[in-house]
Structure formats: C-alpha cells, structure tokens
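Trainee: Pasting a structure below so you can have a look.
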Amino acid sequence: MCNITFFKFIFSLLIITQSLAACPNWTTSYNGTEKCYLFTSTKINIAWYNAEASCNCIGGHLATIDNAYENVFIAKNTNASVWVGAYQVYINTIYWEWTADRRVTYSNWYNPNSSYMVSYVQNGKWFQTGPEDNINNYACEIPQDGIRCPKAQLINNNIIFWTYYNSANTCYHNTLYIANADTFANTATKCDNLLSIHSAQESDALSSYLYSSLAYLNYQEYIWVGIYDPYKNGSWVWFDGSPLNYTNWDEDEPQHGNDCATFTSRFVNSIYQWASIPCSSQGIAICKSPASVQKDQTFPEICNQL
C-alpha cells in the first residue's frame with residue numbers, strides 16, 4: 001500500500017513538473033520543451049534592435065541556435081530571412097555572443113569573414129549585416145517555463161517592458177520613457193528597486209542589455225549605475241543598501257571628487273564598465289527586479305504596438 005501511494009506521489013510530481021515546464025501556448029516548442037520559439041509570419045521589414053526589443057517585450061530574446069538540429073528547425077519554420085540574436089562583441093578580440101548573454105558555440109556562416117555586427121538566417125545559412133538594416137522577419141526565444149518578468153505596461157503613452165536575463169535571473173528596464181534624464185537623486189526615485197550589481201555574470205548581462213536597448217532607444221547620454229559616494233571620500237555604496245561586493249570601474253576610475261557613476265564603453269559593441277561623474281549630471285536609471293515565473297502566461301498583446 002505504501003509503495004502504491006509513493007508511486008502515485010512520484011507520478012503526480014512528474015505531471016506537475018511537465019505542466020510547469022510547458023512552453024506558452026502561443027509559442028512553437030522544439031524537442032518537447034527544450035526551447036520555445038515565436039516566429040513572425042508576415043514580412044514586416046524590421047531592424048535588428050527593434051526585433052530584439054519586440055522579443056524582450058514578450059519575455060524573451062532573439063533566438064539562440066546551439067546545434068545543427070535547431071538550425072534546421074528554425075529553417076523549416078520560416079520562409080524568409082529572420083533575425084536571430086547573435087552579435088559581435090569586441091574585447092581584445094572579436095567573438096560572437098547571443099543577446100540572451102552567452103557565447104555562440106555553433107554557427108553556420110555563409111561568409112564567416114564578414115565584418116558586420118549582427119546576424120540573420122536564411123534557409124539555414126547565417127549572414128552578417130548592419131543592425132539598422134531591415135530584414136523580413138525575426139524569431140524570438142521564450143524561457144522554457146514561460147514569461148519570468150512582469151508584463152509590459154502603457155505608461156505616458158509609451159510601452160514599458162522588462163528584459164529578462166537567465167544568467168542573472170533578473171529583469172531590467174530603464175526610466176527613459178517614464179521620466180526625462182535627471183540628477184541621480186531624482187532619477188533613483190523612479191525605480192522600486194534601483195540597479196545594483198553583485199557579480200561579473202550580472203555585469204555581462206547588463207552589457208548585453210545596454211548594447212541592444214540603448215540603440216533601440218537611440219539614447220547616448222548618461223545611465224546611472226546605482227552606486228554613489230555620499231561623503232566624496234571614496235566610501236562608495238549602493239543606493240538600494242545592498243553590500244558592495246563587486247565593482248567594475250574603468251581604468252583610472254573613480255575620479256576624486258565625483259560622487260556618482262555612469263556606464264561607459266570604449267567601443268560600441270564592447271563591454272560596459274563604470275566611470276565616475278557628479279551626481280548633479282543628467283542621466284536615466286535602470287530598474288531591476290528578481291525574475292520568477294509569472295501566473296499570467298498569455299501573450300502580451302500590447303507588445304504588438306512596438
């Protein structure tokens with residue numbers, strides 16, 4: 001009797017686990033629930049940055065392709081050129097990374113020596129081009145267990161959406177459309193949880209976020225890091241009160257007398273580090289929220305308006 005009860009319990013757990021891991025019903029699953037894709041079906045002619053933003057809005061990123069089987073799967077589900085998430089990163093050398101914040105380990109380049117920065121796929125072959133070019137369609141990839149960030153909202157006639165990173169298990173959004181660039185003190189109040197960074201892994205995720213989102217927003221000014229020096233004596237602290245257990249200052253930073261920090265990058269497609277500036281400067285903030293599977297897994301219709 002005990003054995004029967006035990007096996008019933010195990011069977012119930014398996015059923016629950018499978019249901020929790022199911023792809024959202026508006027996506028196409030690959031190999032069961034290994035990956036969940038959304039393929040656009042009409043020719044919309046969209047730039048790479050805008051395609052990534054559209055994927056972010058619905059809870060994912062432009063698609064990743066990790067092997068030849070996935071490559072064939074995407075080719076079979078598309079009938080035109082589609083944006084995917086691979087883009088060039090320059091840190092001492094050039095390599096390719098996915099917007100989902102991990103290295104590209106499989107590729108099928110038509111011309112691997114091209115110098116363009118982002119990628120699209122056509123009939124299984126990968127091509128490189130500029131991020132401002134328009135491609136017919138795009139493919140999004142949603143987390144296996146569904147949407148993990150709060151749904152997009154319409155605020156001040158702008159669509160505000162979070163971007164999810166599995167590597168940091170965190171969701172991010174910026175305050176550009178909520179309020180104008182402002183001093184650190186004024187901007188910090190626009191977030192329930194202002195950005196703080198506690199690992200190189202999270203810093204890498206933010207580099208991916210900044211690269212794609214700032215180009216989409218066409219924003220080129222200061223972005224507050226969330227750290228400040230209240231006494232201007234080198235005693236830097238996070239605004240949210242969390243422990244200072246990680247820093248990523250650029251060379252010769254922080255500068256004496258500056259009391260806040262902004263993100264800086266030596267190249268457009270390089271990693272982002274920190275540079276000190278006065279807190280009275282004008283910038284926007286990045287808000288963060290812990291990621292968790294959302295109860296509402298319906299398609300975020302508002303994202304169709306992006």
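From the backbone N, Cα and C atoms, a Cβ is placed for every residue, glycine too.
TrEMBL annotations: computationally assigned, not manually curated.
From TrEMBL, for reference:
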type: SIGNAL; residues: 1-21; note: signal peptide
type: DOMAIN; residues: 32-126; note: domain 'C-type lectin'
type: DOMAIN; residues: 167-288; note: domain 'C-type lectin'
Trainee: As a quick check of your reading of DSSP, tell me how many residues in the domain 'C-type lectin' (167-288) are helical, how many are strand and how many are coil.
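Mentor: Secondary-structure composition of the domain 'C-type lectin' (167-288): 23 helix, 32 strand, 67 coil.
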Trainee: Please list, for the domain 'C-type lectin' (32-126), how many residues fall into helix, strand and coil according to DSSP.
Mentor: 19 helix, 35 strand, 41 coil
